[in-house]
Amino acid sequence: MPESPPLPKRSPLMTSSTTRPASDYPPGGDAFRHRHLTGIAQLTPWEISYILDAAEEWVELNRSGAAKHDDRLAGLTIINAFFENSTRTLLSFEIAGKRLGADVVNMHAAQSSVKKGETLIDTAMTLNAMRADAIVIRHASSGAVQLIADKVDCPVLNAGDGRHEHPTQALLDALTIRRRLGRVEGLAIAICGDVLHSRVARSNILALTLLGNEVRVVAPATLTPPAMERMHVRCFTDMDEGLKGADVVMMLRLQNERMDGAHLPSAREYHALYGLTPQRLEKAKPDAIVMHPGPMNRGVEIDSSVADDHARSTITEQVEMGVAVRMACLDILTRRQRGVPGWN
């Protein structure tokens, strides 16, 4: 995808919890120029804010029940092509599409011809021939989503590809932070755990640094990606040091399916050094929030008493924000093909 031209300057950047309507932006191409959403890396701070502001509206419409009567995507077909197992993300995209009135078709890895030896390019050509109006893809290989996006005629949304990116997770996390803390800039945010294998961590680092936060990576050396300084983060191997003064503590699960035993000796030792306990959380600010993208390994990276502390834990709120963010993304990316005025 060619690099988007710079957007016109706006001041200030819209990141506070009090948002203007998403309609109060320059029309169409001046607001959001992308055909696909393959990663946070393609977005500007202003474009991230644009999506978050649109999602804010969907949060309130979902809570009031009004979103169930929305039909702006009526007549459109969305294919959720998940080549990796998923519960939260798949259900979230399915609910998002249906609340917007679209016909939603879920394709699971076990049902796909990939299991029979079909190449990813052939799968992309097959999906394109079915004339879907949008395709949501999760795949175990980094870059698979971009490969498919290059072969199809409709918008493609990345629901997670290998270790690469998970953009809607980062967007929903940013929205959760903004609603809880009133802003999503100028904060100290500690991302803790298996950062090496985490596409969630990568997308969050990209988004949160772009929005002007101090991002810290807290992990064993064996689970810290190389050259992290290029991503403008501070790295800590000591959990207590990494949590000092943090506004946000984001925990990540150990992705055992993507690692071998060489990365850490045991789950018990990992919990002793990197598990988030009430005592360890005291190192962060008194009003710090605790996040986790799920699924959680209780008693490994996070204690149940911390995960279930609703005053500080945002875990269920993140799930709610996920539906709103994905509704916003589906709406925005299909505006051109729906002929929305200003989105030519």
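Cβ coordinates come from backbone N, Cα and C, glycine included.
Database features, via Swiss-Prot:
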- 1-30: region 'Disordered' (REGION)
- R88, T89, R138, H166, Q169, G294, P295: carbamoyl phosphate binding site (BINDING)
- K116, R199, R253: L-aspartate binding site (BINDING)
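Taking the features listed in Swiss-Prot, we show where each one sits on the structure.
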{"residue": "R88", "record": "carbamoyl phosphate binding site", "Cβ neighbours (10 Å)": "14"}
{"residue": "T89", "record": "carbamoyl phosphate binding site", "Cβ neighbours (10 Å)": "22"}
{"residue": "R138", "record": "carbamoyl phosphate binding site", "Cβ neighbours (10 Å)": "24"}
{"residue": "H166", "record": "carbamoyl phosphate binding site", "Cβ neighbours (10 Å)": "26"}
{"residue": "Q169", "record": "carbamoyl phosphate binding site", "Cβ neighbours (10 Å)": "28"}
{"residue": "R199", "record": "L-aspartate binding site", "Cβ neighbours (10 Å)": "22"}
{"residue": "R253", "record": "L-aspartate binding site", "Cβ neighbours (10 Å)": "19"}
{"residue": "G294", "record": "carbamoyl phosphate binding site", "Cβ neighbours (10 Å)": "17"}
{"residue": "P295", "record": "carbamoyl phosphate binding site", "Cβ neighbours (10 Å)": "9"}
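In the three-state DSSP assignment, the secondary structure recorded for R138 (carbamoyl phosphate binding site) is strand.
Under DSSP, R88 (carbamoyl phosphate binding site) is assigned to a helix (H, G or I) in the three-state scheme. Sitting within 8 Å of the Cβ centre of R88, T89, R138, H166, Q169, G294, P295, and not among those site residues for carbamoyl phosphate, are the Cβ atoms of S86, T87, S92, A159, G160, V200, P293. Spanning the residues R88, T89, R138, H166, Q169, G294, P295 that the record associates with binding carbamoyl phosphate, the maximal Cα-Cα distance equals 16 Å.
Between the CA atoms of R199 (L-aspartate binding site) and Q169 (carbamoyl phosphate binding site) there is a gap of 9 Å. Between the CA atoms of R88 (carbamoyl phosphate binding site) and R253 (L-aspartate binding site) there is a gap of 15 Å, rounded to the nearest whole number.
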